[in-house]
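Asks: Feature table excerpt (Swiss-Prot):
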type     : residues                         : note
ACT_SITE : 606                              : active site, for molybdenum cofactor biosynthesis protein C activity
BINDING  : 73, 123, 154, 215, 317, 318, 319 : GTP binding site
BINDING  : 86, 127, 178, 249                : S-adenosyl-L-methionine binding site
BINDING  : 312, 315, 329                    : [4Fe-4S] cluster 2 binding site
DOMAIN   : 64-279                           : domain 'Radical SAM core'
MOD_RES  : 64                               : phosphoserine
MOD_RES  : 198                              : N6-acetyllysine
MOD_RES  : 528                              : N6-acetyllysine
REGION   : 1-383                            : region 'Molybdenum cofactor biosynthesis protein A'
REGION   : 414-636                          : region 'Molybdenum cofactor biosynthesis protein C'
């Protein structure tokens with residue numbers, strides 16, 4: 001195995017300095033002011049009493065399926081000191097202005113509120129949380145919150161060895177370290193930075209300080225590090241590690257792609273061939289990991305099966321992004337800005353109502369989307385995990401399937417990198433014009449939807465940065481008579497049997513003028529019927545597929561791709577809709593695109609009509625079409 005020499009060095013390095021501490025909690029010296037052992041025993045009895053006589057869990061943190069959310073993940077920063085290839089472009093990503101990020105006091109205010117309502121575990125994430133200057137102070141102040149039992153941290157390990165002693169003294173009692181390879185050269189290739197030995201020093205320091213287990217997160221990618229599976233497992237023989245193998249989220253385009261993704265069952269089979277005595281360990285109801293142990297080994301391994309076997313039914317997690325948005329589901333499409341309400345002077349009761357409403361809308365699984373395996377890329381580094389960006393476009397865009405929608409945060413932090421904007425420009429549907437040439441910002445939140453792989457979420461990236469190449473405008477050759485009427489004036493379906501099959505693409509648009517009241521409710525996802533934009537996109541996709549049943553003389557077309565894109569325009573209180581369809585065949589797909597856009601617009605109307613009847617559906621029109629005997633068309 002290629003990784004063996006480096007693996008041996010790694011294991012020797014870790015073993016040579018490990019102290020063999022076996023306590024289940026971090027080993028720390030008593031600090032001044034700490035209670036004596038008898039007092040601690042008294043506290044334990046009190047804790048036992050409180051557990052036996054606990055009040056009902058907070059209704060604000062309990063969703064409609066009875067899940068009690070006692071685990072909060074807080075992103076301390078969007079910044080990272082690595083540039084992992086599967087995470088972000090080498091130049092990084094645009095960041096939120098500092099003024100829009102949560103301050104330390106705001107973080108602690110929200111943490112205090114959640115802990116008061118029943119959260120007993122907080123994990124600090126990023127970006128990379130250890131590059132935040134006041135991270136030790138934050139941990140210390142969180143440690144003072146009554147009722148908070150666990151303070152954890154997920155880190156890339158670069159700064160861990162230097163900061164961990166102070167963090168432990170401040171109250172940090174759980175550490176997860178990300179490491180995808182045991183080969184130094186491969187590490188540098190993956191993260192585009194040096195630092196492998198710093199990460200190993202961090203793992204060693206965590207073991208030395210008595211953290212047990214030290215959790216090591218490894219994203220397994222076919223063709224990159226799956227050959228190191230056994231080496232990672234072997235580390236647990238003499239070290240108190242919990243090596244957690246994470247299924248790679250295969251965002252190579254928009255389809256479920258097994259080429260890079262290594263499933264949990266495949267990994268398990270590989271490991272069992274080497275260690276047939278591998279035993280399954282019991283797990284907590286809310287655990288995301290399937291734990292295993294090899295008899296006689298000091299550590300264990302786990303699998304996080306977010307792709308092949310979801311764990312939504314027992315989810316107890318909530319997330320707060322670095323800019324203060326509450327996410328109730330990692331794969332969900334709605335965020336609520338707690339920062340804005342805090343800064344507007346909301347009371348604790350008002351904040352709890354906002355939080356409770358968001359938790360109450362949480363779906364049964366994966367934000368109500370059919371299956372995570374059918375979903376495409378979504379930005380994640382800004383909610384505490386990695387942003388999956390592909391280095392090259394898929395071979396054929398026509399292979400894309402539609403994607404259930406995502407709500408986008410307005411800030412520039414979610415704008416596409418120049419690299420992805422370039423891919424969008426070169427490989428999007430030919431000649432499709434952007435809906436708007438202007439930024440829709442003006443200080444109000446913007447929600448952005450698309451079924452393309454990680455499309456731009458800030459309107460300026462949809463303008464000059466991703467404009468399609470110039471193309472001839474105006475109609476191409478046209479017929480001088482109606483094609484669906486015979487010589488006697490009767491309706492007649494065109495015979496397309498003799499026409500050649502060519503690639504056909506059409507883009508249509510529509511606009512819904514909502515008015516300020518309905519627009520605000522849609523923008524904040526507060527409609528009683530639910531998320532208007534999500535439902536509208538689904539309706540648009542469905543309508544495209546049913547066009548031949550709605551338009552009497554329209555041929556049935558086997559569509560290879562449908563995209564419905566919705567964007568909020570705060571300057572006009574409008575929803576802008578763009579629908580595109582692609583197929584290969586003897587007839588065009590203009591009607592499919594127009595029907596899709598129109599139905600999406602009508603669905604927005606239906607979702608909002610209880611709020612206002614003064615809603616206008618307008619500008620339903622063809623934007624462009626390519627393929628066919630009459631040539632291409634691009635609206636000027």
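Any Cβ shown, glycine's included, is placed from N, Cα and C.
Quantities reported herein were computed from a predicted structural model and do not represent experimental measurements.
So that I understand the layout, could you describe where these features sit and how close they are to other parts?
Replies: Around the Cβ of residue 606 (active site, for molybdenum cofactor biosynthesis protein C activity), 15 further Cβ atoms fall within 10 Å across all displayed protein chains.
Secondary structure at residue 317 (GTP binding site), as computed by DSSP, is strand. Within its own chain, residue 317 (GTP binding site) has 69, 71, 72, 73, 330 as residues 6 or more apart in sequence whose C-beta sits under 8 angstroms from its own.
All chains included, 22 other C-beta atoms sit within 10 angstroms of the C-beta of residue 249 (S-adenosyl-L-methionine binding site). The secondary structure of residue 249 (S-adenosyl-L-methionine binding site), as reduced to three states from DSSP, is coil rather than helix or strand.
When secondary structure is read from DSSP and collapsed to three states, residue 329 ([4Fe-4S] cluster 2 binding site) falls in the coil class.
The 10 Å shell around the Cβ of residue 64 (phosphoserine) contains 11 further Cβ atoms across the protein chains shown. Under the three-state DSSP scheme, residue 64 (phosphoserine) falls in the coil class.
Neighbour count (other Cβ atoms within 10 Å of the Cβ, all protein chains): 16 for residue 198 (N6-acetyllysine).
In the shown protein chains, 8 other C-beta atoms lie within 10 A of the C-beta of residue 528 (N6-acetyllysine).
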Asks: Fill in the CA-CA distance, residue 249 (S-adenosyl-L-methionine binding site) to residue 312 ([4Fe-4S] cluster 2 binding site), as an integer in Å.
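Replies: The Cα atom of residue 249 (S-adenosyl-L-methionine binding site) is 16 Å away from the Cα atom of residue 312 ([4Fe-4S] cluster 2 binding site).
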Asks: Which ones are near residue 329 ([4Fe-4S] cluster 2 binding site): of the recorded positions 127, 198, 318, 319, 528, 606, which have a Cα within 10 Å?
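Replies: Cα filter at 10 Å returns 318, 319.
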Asks: Going along the chain, which residues six or more apart from residue 123 (GTP binding site) have their CB under 8 A from its CB?
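Replies: Residues satisfying the criterion: 71, 72, 73, 74, 151, 152, 153, 154, 174, 176.
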Asks: Specify the count of other C-beta atoms within 10 Å of the C-beta of residue 127 (S-adenosyl-L-methionine binding site).
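Replies: Its Cβ shell of radius 10 Å holds 21 other Cβ atoms.
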Asks: Where the distance is taken from Cα to Cα, which of the recorded positions 198, 312, 315, 528 turns out closest to residue 178 (S-adenosyl-L-methionine binding site)?
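Replies: Result: the closest of the recorded positions to residue 178 (S-adenosyl-L-methionine binding site) is 198.
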Asks: Considering Cα atoms only, can you say which of 198, 528, 606 is the nearest neighbour of residue 312 ([4Fe-4S] cluster 2 binding site) among these recorded positions?
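Replies: Nearest by Cα distance to residue 312 ([4Fe-4S] cluster 2 binding site): 528.
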Asks: If one measures from the C-alpha of residue 198 (N6-acetyllysine) to the C-alpha of residue 528 (N6-acetyllysine), what distance in angstrom results, rounded to a whole number?
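Replies: So the alpha carbons of residue 198 (N6-acetyllysine) and residue 528 (N6-acetyllysine) sit roughly 51 Å from each other.
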Asks: Find the shortest Cα-Cα separation between residue 528 (N6-acetyllysine) and the recorded positions 64, 127, 315, 318, 319, and name the residue that gives it.
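Replies: Closest candidate to residue 528 (N6-acetyllysine), judged by Cα separation, is 64.
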